[in-house]
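Data block below; observations after.
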Ligand SMILES: Nc1ncnc2c1ncn2[C@@H]1O[C@H](COP(=O)(O)OP(=O)(O)OP(=O)(O)O)[C@@H](O)[C@H]1O
Ligand SMILES: [Mg+2]
């Protein structure tokens, strides 16, 4: 097969330009791969990212083993969202390498779209498709990306809606649901793609306080089932209870990387102490 | 006022207005398709497509429509020999002129459709496209399944204005001899010089009858279709 070399890294190029897009690294399957890195689900190597002059991700190196739940903390503007968004390439990086389950993210096109389906993402503002019913929100990906039959997708969709406790709302539009319900639908929508990794960018920050717990409960149960998760959140309770690991970011760097109890009880850097002081004092 | 010309067999009012309706119908369909394509190009990640669309819209919408329509006939047909009907068939010239006029209207009106849709696309929160990309949809799917359906709902009212302008603009087809209402009006003005007022009123009312329901209907549809957020 005459497959051309990798396609140049073009920012924001999402249009499918044909089949000539290849994954940069030979795709390895889990049974041929073996070795120490076989369990690394998210791998970031020397990742750099700028917005103009602003250096938002500085030399990020991060390996998240399969099944680990990582909470990312840090002050506003420290690059937490950007970190999240580069992992499924909603935001292109300047240099470095990002791998999901050992496969490097392709630059663009069909291959990228396919790999993205392996990475579920939940946004602060839910972003449910406003013109589609709750069930259609969940089934759209399986039908259009995976080519699943509608009947099968509906069945899967209902299972997931039941699991997040909103099956009875299936025919409503997103705007008719509360924020907490919408966010649970958004989680179901991401899960419908059977992702290997779930990214959460402040999933409860836009919610009324009484709705935070219902979303955290869904996330906690996901974590218990062994989903690999990277969660940006200010919910310290969740971080302590559900996380295996806490990353503290500041100015585009991962400043601390520790187990939750170690981080909260005994932060090493001044920046983390500062941050915790502010967060915990109110 | 003397409206006696209305019952005069020499003047086919219904036929003339029917011609405007047909011009509008085909031009609207064509303009909607081309306009959507132009708007899609405008938001595409490929710089060349964006540039092409921008240049097209900014050039074509600034040419007077009369010039475009006459160019269709004089340049495209007479000079370059582009025919849109089969020569020798009955009514070749009428059909050819009709289609040339439709082509001109499509090329021109598409600019306004594209601008309307683009502004509609801008009303769709960026998070919608982002969520769609995040579940693995490709650019064309994101556009077609998520962004455009929401954009269209918010552009029904502006598109109604474009359509009303198009209905009135079809009178310019008379410049290349298409037998529509404005051409009939010219004939009447010559033949019935004493009835100016009545002639103008008739034509004006005819157009109001065509445009008013369009505005009302689409205004109602626009309200119904609005996306709730
Ligand atoms: N699209 C963009 N263009 C330019 N600058 C950006 C863009 N997105 C983010 N930034 C900047 O990059 C920096 C990091 O942003 P990011 O959203 O990753 O921070 P964050 O840690 O998620 O903050 P917050 O807690 O407020 O969500 C900020 O200074 C922000 O202003
Ligand atoms: Mg953020």
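Just so it is clear, glycine is given a Cβ too, placed from its N, Cα and C backbone atoms.
Because TrEMBL annotations are produced automatically, they should be read as predictions rather than curated entries.
Cross-referencing B:55-77, B:124-146 with TrEMBL places the feature transmembrane segment at B:55-77. Per TrEMBL, the stretch carrying the note transmembrane segment among B:23-43, B:149-169 is B:23-43. Beyond the transmembrane segment (B:55-77), the same-chain residues lying 6 or more positions past its ends with a Cβ under 8 Å from any Cβ of the stretch are 38, 42, 83, 96-97, 100-101, 103-105, 107-108, 110-112, 114-115, 169, 172-173, 175-176.
Residues 19, 22-23, 26-28, 30-32, 34-36, 38-39, 42-43, 53, 56-57, 60-61, 63, 65, 68-69, 71-73, 76-77, 84-85, 147-148, 150-155, 158-159, 162, 165-166, 169-170, 172-173, 176-178 of the same chain lie 6+ residues outside the transmembrane segment (B:97-121) yet bring a C-beta within less than 8 angstroms of a C-beta in it.
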